[in-house]
Amino acid sequence: MSTTLQPAGRTGDDPRPAGRAAGAPDDHSTPRRRRKLLGANPLGILFAAPYLIFVLVIFAWPIVFAVWMSFQDYFFAAPGAVVDRPFVGFDNYVAVLTDPAVWQSFGNVGIFLVINVPLTVVLSIVLASALDRVVHARTFFRVSYYVPYVSASVAVVAVWLFLFSSGGLVNNILGPLAPDPSWLVNSSLAMPTIALFVTWKGLGFYILLYLAALQNVPKELYESAAMDGGGRIRQFFSVTVPGVRSATFLVLLLATITGANLFTEPYLLTGGGGPNGASTSPVLLMYQKGIEQGNPDVASAIGVILILLVLLIAWVQRKLVGSDES
């Protein structure tokens, strides 16, 4: 009679390798937990880590500090000086919400968004669709639209000041129809003029976004629409517009953020928010109150309110427009 010897610590019915205790975890459990924690591609997280750290240091930390500062009686002090900055609760927010200049600045940026955002979306998608069909000199047209976006703001502002000054080219063309006072010193026309300037300057960037999105729209859809008797206009509304919905949401979001961060253009075009605050934006007002007047706590409260409004607008846009992930 023969006897089969088995290694110690293992029974005939136990399928586990020899030497493993009965309660030992599976060798594959640790990698499985790691994949669950890091995702399917942990190498991607490794490459994205420097940018995530950059975002946390450059953006997230200042926002957290601004929120904290908005609840303090905060003021600038000499380096190394020990000063008392007491907690004041919502006093800074009350001061902000009862300040007519703050309401005027938010109204100004509202006017800007009403003009800039629709113009940006309509012009960029129409011009991108036209450029997508251009066969000859396509690169020339793309570069021509993109040049204002990459040009220095100071140089471009100088051109617009020449065009829209009281004795500028636009008024000379309009003749007796020219507004008086002129565009940038007119309380009713200053912010619309700035909105037109920002629309023109940033149009090339948004055109490139739409051009990239148009490459993902199947050409067969245009052929099917043409076979059904659809002309260019019908193809545009039935194929192009739905096909670039995700890009439209991105353009809406970026244009809204641009309007919320409006600073350079009114500062350079109207000398810091004139006339009579008609072109003052919330960010420009934050600069005036925080840096020029030495009230960073009030400026921080304005910034927190502005961030909340931008998030609310982005959420509404997401609900109304949505994004076609497919």
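Quick reminder: no glycine exception, Cβ is built from N, Cα and C everywhere.
Annotated range for transmembrane segment in TrEMBL, selecting from 235-257, 258-280: 235-257. Here the transmembrane segment (143-169) has Cβ contacts under 8 Å with residues 127, 131, 181-185, 193, 197, 200-205, 207-208, 264-265, 268-269 of the same chain, all six or more residues outside its ends.
Listed as Cβ neighbours of the transmembrane segment (298-316) (distance under 8 Å, sequence separation of 6 or more from its ends, same chain) are residues 63, 66-67, 69-70, 74, 92-93, 95-96, 102, 106, 253, 256-257, 260, 282-283, 285-287, 289-291.
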